[in-house]
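Trainee: Have a look at the structure that comes next, please.
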Amino acid sequence: MPELPEVETTRRGIDAIIKGQALRRLVVREPRMRWPIPADLPALLAGRPVLATDRRGKYLLLRFEHGVQIVHLGMSGSLRRVGLDEAPRKHDHVDWVFDHAIFRLHDPRRFGAVLWHPADTGPVERHPLLIGLGIEPFDPRFDGKWLHDQFRGKRVAIKQALLAGHAVVGVGNIYASESLFRAGIDPRLPAGKLSGPRCERLAQAVRATLTDALASGGSTLRDYVGASGEPGAYFTIHAAVYERAGQPCRVCGTPIRRIVQGQRATYFCPHCQKR
Ligand SMILES: [Zn+2]
């Protein structure tokens, strides 16, 4: 599943190419995504310049003068730059056609979304999909004190509290396991029991883990933009615990354990990560 680093890598990839450029055509081949793509969207956007690109959580935002296009890659989506005469294939649902580039949304499972937020309905941050999102991990306000406040009184396991996205966005299943390993925290610890200093370590670990992922995502970026939905370079090169059950911890050699929390797999080192 594309996570925050993949979406941010995608954003950086398209930003340099489309910012300030007029969108010539939006081609919708399949409007039945997670929510239907509004039928009038191609007419609304034809000829309009993209003023800026942004990201909030895993939502990609294309800002136009008269509104914001909200794009989500769902479970299996990718946004890829294709050749100007490249024929669409199966599951290629939407094209953004510019003078010198075409970006194509490919999404076999169609859990992704392409929505429109008109400027006259207020800031896009107030959109129902965005308003409940936690703070961004690279926001300067995100630190140990922030996490400590968010987790106060919470009995849910720290791994699940991170994954929920209310305290901080973008820490998906892989990055939750990796961040907790880096911070030396047992994923089963109730979130409310985490001390201030350990919250600080966790905040730093979250940022460092996502920074590493962004660095490896950015280095593979050429004409292919963003996530394939398959495990990317990050896992194969850097994962300390994720999908390494039974293999020796890279720090202490203890076999990595796999458990299931809230129906999601969690990986951790029972020696390095303390309760
Ligand atoms: Zn270990």
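Backbone N, Cα and C define each Cβ position, glycine as well.
Relevant sequence annotations retrieved from TrEMBL are reproduced here:
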| type | residues | note |
| --- | --- | --- |
| ACT_SITE | P2 | active site, schiff-base intermediate with DNA |
| ACT_SITE | E3 | active site, proton donor |
| ACT_SITE | K58 | active site, proton donor |
| ACT_SITE | R264 | active site, proton donor |
| BINDING | H91, R109, K154 | DNA binding site |
| DOMAIN | 2-112 | domain 'Formamidopyrimidine-DNA glycosylase catalytic' |
| DOMAIN | 240-274 | domain 'FPG-type' |
Trainee: Near the domain 'FPG-type' (240-274), which same-chain residues lie under 8 Å Cβ to Cβ, leaving out any that are not at least 6 residues past its ends?
Mentor: 157, 159-160, 163, 173-174, 176-178, 180-182, 184-188, 231
Trainee: Among the recorded positions listed here, K58, H91, K154, which has the most company in the form of other Cβ atoms within 10 Å of its Cβ?
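Mentor: For the recorded positions K58, H91, K154, the Cβ with the most other Cβ atoms within 10 Å is K58.
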Trainee: Please tell me which one of the active-site residues listed here (P2, E3, R264) sits closest to R109 (DNA binding site), measuring Cα to Cα?
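Mentor: With Cα distances computed to R109 (DNA binding site), the winner among P2, E3, R264 is P2.
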Trainee: May I ask for the distance between E3 (active site, proton donor) and K58 (active site, proton donor), taken between their Cα atoms and rounded to an integer number of Å?
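Mentor: So the alpha carbons of E3 (active site, proton donor) and K58 (active site, proton donor) sit roughly 6 Å from each other.
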Trainee: E3 (active site, proton donor) has how many other Cβ neighbours within 10 Å of its own Cβ?
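Mentor: E3 (active site, proton donor): 22 neighbouring Cβ atoms within 10 Å.
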Trainee: Work out how many Å separate R264 (active site, proton donor) and P2 (active site, schiff-base intermediate with DNA) at their Cα atoms, rounded off.
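Mentor: With distance taken Cα to Cα, P2 (active site, schiff-base intermediate with DNA) is 16 Å from R264 (active site, proton donor).
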Trainee: Could you measure between P2 (active site, schiff-base intermediate with DNA) and K58 (active site, proton donor) for me? Cα positions, answer in whole angstrom.
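Mentor: Rounded to a whole number, the Cα-Cα distance is 8 Å.
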Trainee: Please average pLDDT over the domain 'FPG-type' (240-274) for the predicted structure.
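Mentor: Across the residues of the domain 'FPG-type' (240-274) the model's pLDDT averages 96 on the 0 to 100 scale.
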Trainee: At a 10 Å cut-off from the C-beta of R264 (active site, proton donor), count the other C-beta atoms across all protein chains.
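Mentor: There are 14 of them.
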Trainee: In angstrom units, rounded to an integer, how far apart are the Cα atoms of K58 (active site, proton donor) and H91 (DNA binding site)?
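Mentor: The Cα atom of K58 (active site, proton donor) is 21 Å away from the Cα atom of H91 (DNA binding site).
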Trainee: With helix taken as DSSP H, G or I, strand as E or B and everything else coil, how many residues of the domain 'Formamidopyrimidine-DNA glycosylase catalytic' (2-112) land in each class?
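Mentor: Output for the domain 'Formamidopyrimidine-DNA glycosylase catalytic' (2-112) reads 20 helix, 41 strand, 50 coil.
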